[in-house]
Amino acid sequence: MATTRDYYEILGLSRDATPEDIKKSYRKLALKYHPDRNKEPGAEEKFKEISEAYAVLSDPEKRAQYDRFGHAGINGQYTAEDIFRGADFSGFGDIFEMFFGGSRRGPRGPRRGSDLQYDLYITFEEAAFGVRKDIDVPRTERCSNCSGTGARPGTSPKRCPTCGGTGQIRTTRTGLGMQFVSTTTCSTCRGKGQVIESPCPVCSGTGRVRNTRKITVNVPAGADSGMSLRLSGEGDAGDPGAPPGDLYVVLHVMEHKIFKRVDYDVISEVPISFAQAALGTDIMVDTLYGKVKMNIPAGTPTHSVFKIKEKGIQHLHGNRRGDQLVRVVIKTPTNLSHEQKRNFFASLKALSSGKNPGGEKGRYDKFTEKSKKSKGFFEKVKDAFES
């Protein structure tokens, strides 16, 4: 439509206005700017603007679309005629005629099919590397027996005898010295302008049947939970002559027993013994791409975080990969014998003096200092580990 002004602003309302508030404000403004009463320049355009705002905000479905998507949600979903159809303009003349000209209109055009949503659950690995999935989608499809017309084969729909094929019923009233014309959707043909005398036995005259279709979905590498994949034309069938709706596949990535995800980085945790942390060692770490050797320096404190470069998840747009961040957790010895305790405390005493049990000096202090410098790096993934 022509106006791009906020509909609530046009009617002087807040966004939490009730249906009664909307109707009351519209009638007040419509009486003020109706062209039959107000001959000032711009009055007719103003009347059209407030009528458009009322037509949208008085319809719960259109209002919800507007509240969520603004004018884009209305212009992309409804034709100009659809915006006004069904609104209660009684007492203010033929709004359709004022906007679109002429004293008669044709029936409403065929409507596209409804969009559908399918929730697809995939594994952590499938999201990381991409996958092809076959899904079964229940939807309405065009009836093959009547080719979507709704009429028994060999027959065809007839012009509606009630509205003469216009899809609308016009009612004229006289009051206040003026003639008012209101228009409503024909209840016989429901605005289509045609009636089916001999319905198709397969679809009962609807032109559509319920069916389940197998569809292949290509999930790209790097996909994440909440991502929506649009499959054009795979929604419900539309009216005859209108396109089908679209299918939106919403992805849900299942939790992994080892890995977590932060953006494109993979987070994991591995346990090490006190001896491994104190003396240093090489350990094998699980990644999405197999096991990788990782060095644990001598004197590594618990909760230290190490980075394994490019072992994370591939970016959706490009060939870059994230990293894997590995937090090591030192397992505390339990149920030690008396001799084991004595040896353990001897090791602690050696480490506290800047030595490790192997006799090399200074490595404990060096790695303690390195760990302190790495705290900012650890904070980046702290929430992921603690969640």
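Residue numbering: from 1, along the chain as shown.
Here the Cβ of each residue, glycine as well, is placed from N, Cα and C on the backbone.
Annotation comment: Swiss-Prot describes CYS143, CYS146, CYS200, CYS203 as Zn(2+) 1 binding site, evidence class sequence analysis. In the shown protein chains, 22 other C-beta atoms lie within 10 A of the C-beta of CYS143 (Zn(2+) 1 binding site).
What Swiss-Prot records for CYS160, CYS163, CYS186, CYS189 is Zn(2+) 2 binding site, and it gives sequence analysis as the kind of evidence. Under 8 Å, Cβ to Cβ, and six or more positions away along its own chain, CYS186 (Zn(2+) 2 binding site) finds CYS160, THR162, CYS163, THR166, GLY167, GLN168, ILE169, GLY193.
If you look up Swiss-Prot, you'll see 6-70 marked as domain 'J', on the strength of sequence analysis.
Taken from Swiss-Prot, the feature region 'Disordered' applies to 143-162. Outside the region 'Disordered' (143-162) by six or more residues, the chain places 169, 186-189, 192-203, 205-209, 237, 240 with a CB less than 8 A from a CB of the stretch.
What Swiss-Prot lists as repeat 'CXXCXGXG motif' is 143-150 (among others).
According to Swiss-Prot, the repeat 'CXXCXGXG motif' annotation covers 160-167 (among others). Helix, strand and coil residue tallies for the repeat 'CXXCXGXG motif' (160-167), in that order: 0 helix, 0 strand, 8 coil [DSSP].
The repeat 'CXXCXGXG motif' annotation in Swiss-Prot covers 186-193 (among others).
Per Swiss-Prot, the feature repeat 'CXXCXGXG motif' maps to 200-207 (among others). The average per-residue pLDDT of the prediction over the repeat 'CXXCXGXG motif' (200-207) is 91, rounded to a whole number.
The zinc finger feature in Swiss-Prot is assigned to 130-212; the stated evidence is sequence analysis.
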- Per DSSP, the repeat 'CXXCXGXG motif' (200-207) contains 0 helix, 0 strand, 8 coil
